[in-house]
Each structure stands twice: as C-alpha cells, then as structure tokens.
Amino acid sequence: MASKRDREKTVRQEEAAAPVPAWHGKAYGALIAAGGLMLLLSLATFRLNEVGWTALNAKAEVVASNTNFFGFFGRYLAALSYWCFGAASWMAAACLVWLGCYKIVHHGEIRLRMWIAFGCAVLSACMMLSVQPWVLSAWAAEHQLYGPGGALGHLFGHCFISQVMGMGGSLILCVFAYLVSLVYVLGTTPLAAGRVLWHDFRQWLKAACERRRARKEAKAVLMREREEENARRALETGDLQSATEPLSTPSRKAAVSRRTRQSGDPLDDLEKKVEEEIVAMTEPGFLPLSVKNPEPQIIDASRTRPPRPVLTLRSDDGAAADAAMDAYALPSLEILHYEESAGEQTEDDRALLLENQQIIVETLLSFGVEVAAGNITKGPTITRYEIYPSKGLRVNRITSLEKDIARATKAERINILAPIPGRDTIGIEIANSKKIAVALRELLQDDEFLSPKKRIPVALGKDVYGRTVIGDLAAMPHLLVAGATGSGKSVCINSMITSMLYKFKPDELRLILVDPKVVEMQPYRKLPHLIVPVVTDPKKVIGALRWAVNEMERRYRMFAEVGVRNFESFNARPKDEPVEEESEEPEEPDFELADRIARELESQDDDTMPEDEDDGQDELDLDAGDEMPDRIPYIVIIIDELADLMMVVKEDLENYIARLTQKARAAGIHLIVATQTPRSDVVTGMIKANIPSRIAFQVSSALDSRIILDSSGAEKLVGKGDLLYLPPGSAKLERAQGAFVSDEEVEKIVKHCATQAKQSFHEEVQQSMESDGGDGSSGGDSIDAQDAELLQRCIEIVIVERKASTSLLQRRLRIGYGKAARMLELMEQRGIVAPSDGANRPREVLVD
C-alpha cells in the first residue's frame, strides 16, 4: 500500500515538474490583468445615482443613461466592491493589474502564498481605513457605507480589532500588516522595486539620448549631402555664387526655396524629406544590431532535481553473471546524501544578475563596443552572461577587453567564450559568490546514467545549463585527468569509481588501483572488485601493467578462437551446449605418446606450412587445463599520480601505457591516468596521442592547459570541482561542475560491497609484481631456482627449433600461457630471441 502511495506521489511530482508552455502563463496573466483593469475602470466611471441597492437607497436613482464604461455589469460590480471593501477597492484593482503584468512580463509563477498575501493586503487596508476617523469619513457618509473600509473593514476593524486594542494599537497593527502583505504581493522589497524602476528609467533615458544624437548626426550628414548636390548642380548651370554659398545661410535657403517653387524642382520638399529620412534611420529596426534579439531570460540551472524513489541499480549483464554473484546486491542510493535546493530565485538575486549584465554592456559601450543583452544562465559554480554583438563587430574586440570587464564587475577572473559553440552569442562567465555542490546521487538517478547505451557510465558533473555530464569509459576508451592540488581531481576519481561500483558486480568489472601517494586509494583496499591489493610501490607497477598487457593478448587470442572481434561480442556470443559425461572412468593419458605426436606434427608443420600458421595452431593462450570462459569482466586500471611513477620507471611505464592505450579497448581494458603536474615530460606525446578523452581542472598556467587539452582555458577555472571536459570524438570543450562524494559516503559504499563478496586476488599479477619489485629493476630479472631451470629448458628448445613462441613452449613443457610468456620475455631481455613484430609470428632466435 505504501509503495502505491509512493508511486502516486512520484507521478504527481513528475506531472508538477513537467514543463508548461509559455503561452499558458501569459494567458493566465492576461486574464488576471484584464479582471483588475475591468474593476479599475468600473470604479473610475461609477456614479452614485446609477444604482438602487440596499446600502445606497438614500441617493439612488435608477437612470436609463449608460455612463459606466462596462454598462450594467460595471455599475453593479463597482457598487458591490464599494459596499464590501470601501475605498480599498482601488488598491485591490491595482494589485490585480500588477500580478497580471508580473506574470506576463517576467514569466513569474503566482503561487498560493501570493494570493493569500493579496487577500491579507485587502483585508488590512479595509481595517486600516475603518479604525481611523479622519480620512474618507465624509465620502463614506455620502455613499452611506459602513465606513471608509466597507462592510469588511467595519466588521473586522471597527467592531473587533478597535474594541480589543483601541484606535492607536489597531492602526499600528493594520499598517504593519498592510505593508508586510504588500511586500509579499509585489514579490520584492520597496528598495529592490525602486532599484528596478530606476534601472528601467536609466535605460529609457539612455535610449532617448542615443536616438536624439543619432537624429542630429543623420541630419548633419543629409544636409551635407544636399549641399554637395546643390553645389554640383550650380556649377553645371554656371551659378558660381550659389555654388560657393553654403546651404545653411538664410539667403541660400531663400534662393533655393524661390528657385524650387518657380521651377518645380523635386527639392522643394527638402526639409520634409530630410526629417522623414532621419526618422526612418533612427527607428529601432535601423540600429546597428543585425537582427531583433529575443527577450533576455534568467535561467537558474543550479537547482537540484527532486529525488526519485530509491531503487537498487541493476547490472546490465545480470542474466549472464556468475552464479556465485547471484546474491550480490549493488549499493543503494540511500547511502548517498541529497542536497535540497536553496529555493526559488528572489527578486534581489534577479536584480543583482541584471545589474551585472548592465555593467558588462555599459563597460563595452564605453570602449566603443556596442552589444545587446542576452540570456543569463546561473550554474552551480559560474554564471554565464550572453551578449549579442552588433553587426560588423569583430569578436576579438570583445575578448581584448577581458581584464576591463573583470575590473568593472569586480570578479576574480572571468572567461569569455567567443562565440558560444552552437549559438550566435558571446558568453562571459563569472564565478558565483556562493558555489553549489553537485551531489553524486542526483547524477546516478539520471536517465542518461541508467541508459543501456552507456556501457561503463561515469558521473562527471553538471554543465552551465544544468544538464548532467555522464561519460562512457568504454567509448572514451581511456581518460587523462589533470589539475593542480586542491582543484577537485581526487574527488572526480572517487566519483568515477563510485559510479562503477553502483553499476557492476565484482565478476563484471575488476579494478587495479595504483596509488604512489599511499593515502588516496586506501579507502578502497577492501573492495572485492580488486585484482590485486592497492599498488603503492612504483617499482611494482610495471609488473601489474605487464600482466595487463599479457591479459590483453590472451583475450585477443580467445576472440580469434571463437571468431569474435571485441569484448561485447565475446560476452554476447551463443554458449556451447555442455557435453554429457560418460559414466566410465577416463583412462590415464599417455603423456609420452602425446609428446611424440606433438613433435611429429611440429616437424610436419615446419615442412609444409609457414611459421605464422604453425604459431596459429594454438592461438588460445589458456593455462593448462583451463576452459574457455563464458564471459570475461571489464578491467579498469586507475593510476592516481603519473608524475611520481615517471620519476622512477619512466621508460617501461610509458611503453606499457602506450601498448594498453593502443590496443586494449576492444579487449575490455581501460585506463584512467591522473596527475597534478601536467608537464611535457610527464604527459608525453606518446601518452597523449592514445588518450583522446581528457578532463582538466584548474591549473597554474596556460602552458599546462595546452599540455592537457591542446588549448588554453583551464588556467581560468575557479577550482573546487570546476572542470573542462573533452568528450571522445569531439573538439568542443564542455565546462562543468564536478560531482561531489564525501569520504564518509565512500567508506559506506566500500563497506557495503565488502559485506556482499570476498576479495579474490590474482596470483599471476602478484607474482609479476614481486618479480619486478624484488631487486628494484624494471626488467624483472630476479627469478627463483625453479624458474631458472625452466628458463634453461626453454632456451634449449628455441635453439633447437630455431623459433620461439608461447604456444611452442606451452606444448613442449606443458605450462600455462602466463609462465610461457614470462619465459619468452626473460629470453628477450637476455638477447636470446628478438622482440615481437606484432604480427603473431614466431620470434627470431638470435643465438646458435
């Protein structure tokens, strides 16, 4: 029952939040204003002797004349209003006109509290007029009303309030109630209303002065052209005296006038034509602006959306998940906090935004740059003021005045988008005095995050217009994050990890977290999604990346074996039917016979087939005894600080990152690389070339911004989560406020995941890391006695066969792919075999 009520409540909220067409509000406002105007005109044209009604019988005479503006209806409407409200009827009519105009002009929403305030204002006005004996008493006696406040004021004011509090106390109470109610009706304080009226008056006065100046200039130009034309004609006729005499002198005007009247010249209406042309030139349509700009609007994009009913997010691959993970439950959105909006924008806020926009327009005008005001969009971190440049205005004239605009608006720093991508306006972005955090929960409940089109959705934040920014790591397919200390980089990484934890189970996504700073990734040390514990030793990172490269190659060989091209096709392929097992016990395999057959096949392949086909016989790089998996998980490698690693193992690290970013996309392996020092020796050209998607937070210089984004702009960000996002396949930067998730929320989410499943680390990754971190070398030369013996056998085999491949070592030594690949790398480091050429052919043996 409760769930049904919740669903009904949700439907009502969604219906209430649905956008209403603009003409609905205008029609509603016009109806209210028309009612107020009707009452106002009825009161203005009312005559006492027109109505014979109960309270007006003494002087009422029913007349046939129709002197009221609205006739019979208007007479009785005014009489009823006077009898009920008295002189306060005028105030009620004026308030109705105000409310209607407010709805039409400002697109405001007239809520229930405004109507309540309107009723309180009318009632308090009636009582205020009734409790005092000085104002309009004679008028009320003439109309034979209960008092200046009508029947309503007499009942509540004279008969009740004044009897309890006396005349003085009643008058003070009524005046105070009237002023408070009037403020609520107007929707602003008297000071703010005066500021808006003064702003409108200044605009009108300025426009009038501009028209007058333009009229004078146009008149002077036309008169000068007429003088030149008359002088040319006089020279043609031989009248040199007339040619040298200016047109503005009285004698010249009289001569021209006489001559034109006598000859019927078309210039006889010179002054009239000049005035007509001046008026035509100074009309609003002839202003320098190229088109008629739409009316500016103030858009509040910083408000949060109402929370949806709490539902546990479902995994996309839940049907194909491992049976061991059937009981795993994804975290609930209840763990995350939800920040309520601060409320609707007040008139003071609107007035401040309009004032800033006017300062921008006036500042540009003072430098000879004429623009028109556009929309104002207030985002969580910045406010974007749009302006329309005049016709023929070069954009760089506005961008060159960036520092002057910052000085005039008293802004710490501003950013100018000239023009705004996809629009015909120029945007001037100024940081808000109060920044609003973007809660991660609001993004996780968004339809774009829940869409199946996003294979690995990561919540990034909200843009200036309030739209959610959701990235897809599978489409990126790798991401570079950079920013100065304290700019919000670590919070962004936490948001991305949290997004993946809300979407995937441990058997659907595995993580490798690299944290050279030791403390950043420690909250995730208990996650069941980890392949290995959080890597903090820079010397062991190479081993983890080497395993990722080997895993990538293994997956590609699996794809080739089953005939698919990428990760999604492999997991979506039809599964083979299980073969029924026979009841008889299988015979013990004859390993010697199998070895002899393998050698014979190997010799036949050498004689009849090329070497690349021999190596392709066993492309499936599975460990001995392993089966083809039904599905494989995504692998996401997150490196929190690239600069620290580049100082220790630069060459190997750069090579492994380049190999993964070049080939790992189709294998379902993705990288997120972060750094707080975006120097050219850290974010090298090889790394940048293979990571097209990037996020830049605030940096110290334009040079750092160009290293990250290949363009400037990040140095103008305001910090605290303010970011620039370069989506995949796009050259357009998106400015957004990053999502915020607190450390407390991260701990709760990790605790929930840890209670749902146990950690399962990969032994081969740990062995690869230990071999790299044992002696401090990045080559991994440290091996135990058993591996040394195995390596010697591998060397003998490749020297005899004169070729080297992992499949050859697997068949001859009955070892898994990981061990065979390790032996092959050791032989490459010792100069026994040549490096791989990437064509899946056996390697060349360099020694005899």
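Cβ coordinates are placed from backbone N, Cα and C, and glycine is handled just like the others.
According to TrEMBL, the features are:
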TRANSMEM  27-46  transmembrane segment
TRANSMEM  80-102  transmembrane segment
TRANSMEM  114-135  transmembrane segment
TRANSMEM  155-186  transmembrane segment
COMPBIAS  226-236  compositional bias 'Basic and acidic residues'
REGION    226-271  region 'Disordered'
COMPBIAS  239-251  compositional bias 'Polar residues'
DOMAIN    466-706  domain 'FtsK'
BINDING   G483, A484, T485, G486, S487, G488, K489, S490  ATP binding site
REGION    572-591  region 'Disordered'
COMPBIAS  578-591  compositional bias 'Acidic residues'
REGION    602-626  region 'Disordered'
COMPBIAS  603-626  compositional bias 'Acidic residues'
REGION    760-783  region 'Disordered'
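Within 8 A of the CB centroid of the ATP site residues G483, A484, T485, G486, S487, G488, K489, S490, the other residues of that chain are Q676, F697, Q698, G719. Between the listed binding-site residues, namely G483, G486, G488, the fewest other CB atoms within 10 angstroms of a CB are found at G486.
Mean pLDDT, taken over the domain 'FtsK' (466-706), works out to 80 on the 0 to 100 scale. A count of other CB atoms within 10 A of each Cβ picks out S487 as the most crowded of the binding-site residues T485, S487, S490. All chains included, 20 other C-beta atoms sit within 10 angstroms of the C-beta of A484 (ATP binding site).
Other Cβ atoms within 10 Å of the Cβ of K489 (ATP binding site) number 26 in total over all chains.
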